[in-house]
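Here's the structure we're looking at; comments come further down.
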Amino acid sequence: MAAAAAWVRAVFLAAVAASAAEALSLDVHHRYSATVREWAGRHTGPPAGTAEYYAALAGHDLRRRSLASAQGEVAFADGNDTYRLNDFGFLHYAVVALGTPNVTFLVALDTGSDLFWVPCDCIKCAPLESPTYGNLKFDVYSPQKSSTSRKVPCSSNLCDQQSSCRSSSSSCPYNIEYLSDNTSSSGVLVEDLLYLITEYGQPKIVTAPITFGCGQVQTGSFLGNAAPNGLLGLGMDSKSVPSLLASDGVTANSFSMCFGEDGHGRINFGDTGSSDQQETPLNIYKQNPYYNISISGAMVGSKSIDTEFSAIVDSGTSFTALSDPMYTEITSSFNSQVKDKPSQLGSSLPFEFCYSVSSKGSINPPKIILKAKGGSVFPVNDPIITITDTSSNPLGYCLAMMKSEGVNLIGENFMSGLKIVFDRERKVLGWKKFDCYSVDNSSKLPVSPNSSAVPPKPAMGPNSYTPEAAKGASPNGTQVNVLQPSASSSLKLHFNIFIAAALLFLVIL
């Protein structure tokens, strides 16, 4: 076993070094997409386009808002897909592989928290099988069953609870409370291999030693259908997966997310953006794990709005939510320019401004553009949602924006058709219009010479579902400054399992 482990370490070290200019990525699927329905093997979600469909998505957003007052790119080895699943709390998920031999997990992707954890040596965890899971059966991680697992001692700089340790050599405990009522995860920190694969050129399996939580006790929503198989933090703290990949020299300290208008998308770790993107500075707050930007105004149709505010770019929110005065400024300007008649399309819908479809069947709403700090233009490609009956006949449409109190969230619908780059090294948010099915061949931005990444380390061997933001995280910077408002003041588990499994088999054996 020792000789085999040494050989695997050598193979993976060479693979990591050789992959320095390669790319890893993930596809994103909307939780009600046809692909997800096929994967789940059942049509449990409301029919796409119906009022119930959008009400279900918005219900998650309303709960979330009430709680929120040199390297190349890489993807997870089990494929580049992520999924937004209807039966798993309206969160986005990806399949990840950990340990030797590797075990796979379907984990929620969360930009609002940092620690990656999976169910492990369970004392109290979500069930591995359930009628609500469809044809899925989940796995549990066990450090004793992985030859490459290592404990993280209390002396580690990643240990936040040293005061709870019996000695510096004890395993570091963790306990995270999330914003959903009585929702938490606790256990001990461990380190093991996260399997990755390069995206471009000849696919290559690489690994990164990742510190994550051995989640022994979960509570609240985690015992239901929200992240029942683990949660992967994408926040800005040193414990998040993007931070760990960058510090180990696996990728640059940046990643991108793309959401197509049909619900399909992609996530790329190490993507630093391209020379043709628009961008704006991130607002950095010590106690703020969110990706916060400043908006200097908006253009709605022919009307300009000069209201400043800051907002969190949140891929976990389906529909954009703004507080006043910006909410009223945008919606009233939109409403004053719509040609169609107002309509009540369903009592379950949370949208204030809905309209009937004209006899011609055409929909031509006013365009919405956000103006970001620095002068960049953030185009809102699809601010409306079209309401249909169960036969997909259009009944009307709504401006897909909701009113918030004290927090502004740029949701997934405002990012539709865009590739968003979270450049944590340069501290900017970048974006551009992009077809998420395509490969971005435009000129890449260089990795910052001040990058914190270091040369690769040797691999060690082969219904109220809103837990994603951790308690203690304040959205900060949501103050509103009115300048000069104008007078008229919204599956199939498709992870290349055969290719990835074959590659992993060849590398691990």
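In case you wondered, yes, glycine gets a Cβ from its N, Cα and C as well.
It should be emphasised that the depicted structure is a prediction, and the values quoted were computed from it without experimental measurement.
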Annotated range (TrEMBL: region 'Disordered') out of 41-71, 165-195, 289-319, 444-474: 444-474
Residue pair Asp110 (active site), Asp314 (active site) - Cα distance, angstrom, rounded: 9
Number of Cβ atoms other than its own within 10 Å, given for Asp110 (active site): 26
Segment confidence, the domain 'Peptidase A1' (92-432), expressed as mean pLDDT: 90
Neighbour count (Cβ, 10 Å) for Asp314 (active site): 28
